[in-house]
Amino acid sequence: MKERTSACRHGTPQKHPDTSEESQAMESVDNLCSQYEEKVRPCIDLIDSLRALGVEQDLALPAIAVIGDQSSGKSSVLEALSGVALPRGSGIVTRCPLVLKLKQLKQGEKWSGKVIYKDTEIEISHPSLVEREINKAQNLIAGEGLKISSDLISLEVSSPHVPDLTLIDLPGITRVAVGDQPADIEHKIKRLITEYIQKQETINLVVVPSNVDIATTEALKMAQEVDPQGDRTIGILTKPDLVDRGTEDKVVDVVRNLVCHLKKGYMIVKCRGQQDIQEQLSLAEALQKEQVFFKEHPQFRVLLEDGKATVPCLAKRLTMELTSHICKSLPILENQINVNHQIASEELQKYGADIPEDDSKRLSFLMNKINVFNKDILSLVQAQENISWEESRLFTKLRNEFLAWNDYIEEHFKKTLGSSEKHSQMEKFESHYRGRELPGFVDYKAFENIIKKEVKALEEPALNMLHRVTTMVKNAFTKVSSNNFGDFLNLHSTAKSKIEDIRFNQEKEAEKLIRLHFQMEHIVYCQDQAYKKALQEIREKEAEKEKSTFGAFQHNSPRKELTTTEMTQHLNAYYQECGRNIGRQIPLIIQYSILQTFGQEMEKAMLQLLQDTSKCNWFLTEQSDSREKKKFLKRRLLRLDEAQRKLAKFSN
């Protein structure tokens, strides 16, 4: 709940006699506001309505930011534009960003003001109380002294004599820490200013005293860094009465854009000084005094004639600039609103439909969630899941594993046949264990032992592949659960538990089948026709190879080499058939147990959850952050929907 207090009027300000000059000045201001209303009011109404909707939470809206070096007179410029006395003095005066929202009332309506910061909202009944309330707010936010804060203070002013406008007063740039300020005060202030002036929707008013070298001004340098072309930067020279005699022509050159070029150029104003305030010079009188100053000044008179001097001319210029800037920003603003709307809609869609209040509908809702989950699992099993361009389907990953397995088998048997160790073993058998068989005959027992040993060596790699594939499938199923049940902590947790239990059982069953298959592979067997064909092809290839190598020359191979060659041919023939069998059968076992049966068991397990209707509410308990996120997205969509309607109405 916001704290609401009322700043009472303490005493009545001293009234000055109503002179004809003051009346003319006030009439000038009223005419200015009238022009402003005719030209800008429709645009400002649109932006204000968007701001009232809270669209600034989603994107930036057109505004005017006033920046300047410390004590450059920027607060005085805001004061002159708004008709409200703001904190002023030496050192850092603006210690928090001040959002000044001006609202024009009809003639005769009463002035009112409001200061809003954090959870505090203070009604102000008279302009003379504004400065005190701003100082109080700054002390509460940034603390007593000269520290700064990035927390906003909002000052709303409603008056017949102000235009509809939003201005932002930012802390003045300082270079040396004083008092209780942190050593990095300059960096903090610059970072705070940059957050505002870098937005393309912000017009930057760079305030520079007339009696300093503009080329060395830090404020102008910062503005040029974020706006190199000067498309949204206006230079404002202040304190022309403090210019040293003889340097007036240099000031004129600056205002005429001849020194430090800005696309939007410069203007010059003379606001109330400290002595004027002490003498209680009113803002209307200050405008008249400013007019007389420029009109009678021998060098600056020409700037008044060019429309580049005085606060009324500045206000008129800002009217045109802001109107143009808003119109220029509207297409971009409309596009940003549409993009943000689409993003929010897509994000909200991921959270799914709202949970029904009725119990029977809630059960139907849960059933639908589980059915969608089961369909997604089935799509994974059937290699029909929807994926992005950068992703790969689950079965594609498994197929790559199976292809790598087949390559591994071929490489394994190839190394076996070509290994010097195996040739040494066969030669040792020929030398030490050969029986009655004639040269060239293969000892079947030796042949069988070699086959068993090499096939056995493939068992652990097969199990390793099983574990890799199981992990892939488990992760894919878990991702489906997360996509479908991610907002429902209990349902997602239950699904993950089911996935883990079924994974364990199916992996265990697949491991038993793989080990059983390798036990069967220890029985050396092959269909006669297949084995004969493979052996014949191997012998023909080797004969062709020998023929091309030695030509017609027939050589007599030693007895040992003959037996070894024969054994190698038989091993090669058997490996071809055995390798095909293992290369096909192990992937089939894994697909059946880890993909197909796993998916079927998951479907059964999830449907069984519907049997216990008492747990329906428990399963559909949403995570608190999900609920808040959905509420946030719905509020954003409502804002953006209304913003789209207002923009469409404005365009029409």
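Note: Cβ is positioned from N, Cα and C throughout, glycine not excepted.
From a predicted model like this one, the values you see are computed outputs, not experimental measurements.
Among the residue ranges 33-36, 133-136, 169-172, 177-180, the one that Swiss-Prot annotates as region 'G3 motif' is 169-172. Among the listed stretches 68-75, 238-241, 358-622, the one sharing the most Cβ pairs under 8 Å with the region 'G3 motif' (169-172) is 68-75. For the region 'G4 motif' (238-241), the number of residues in each DSSP class (helix H, G, I; strand E, B; coil) is 2 helix, 1 strand, 1 coil.
Residues of the same chain lying 6 or more positions beyond the ends of the region 'G5 motif' (270-273) and with a Cβ under 8 Å from any Cβ of it are 73, 76-77, 79-80, 238-241, 281, 283, 286, 289-290, 293-294, 310-311. Listed binding-site residues: G68, P240; maximum Cβ neighbour count within 10 Å falls on G68. Long-range Cβ proximity for I173 (GTP binding site), meaning a same-chain Cβ under 8 A and a gap of 6 or more residues, is found for I67, G68, D69, Q70, E186, I189, K190, I193, E218, A219, M222. For L170 (GTP binding site), the number of other Cβ atoms no farther than 10 Å from its own Cβ, over all displayed protein chains, is 24. Fewest Cβ neighbours within 10 Å among the binding-site residues S71, K74: this applies to S71.
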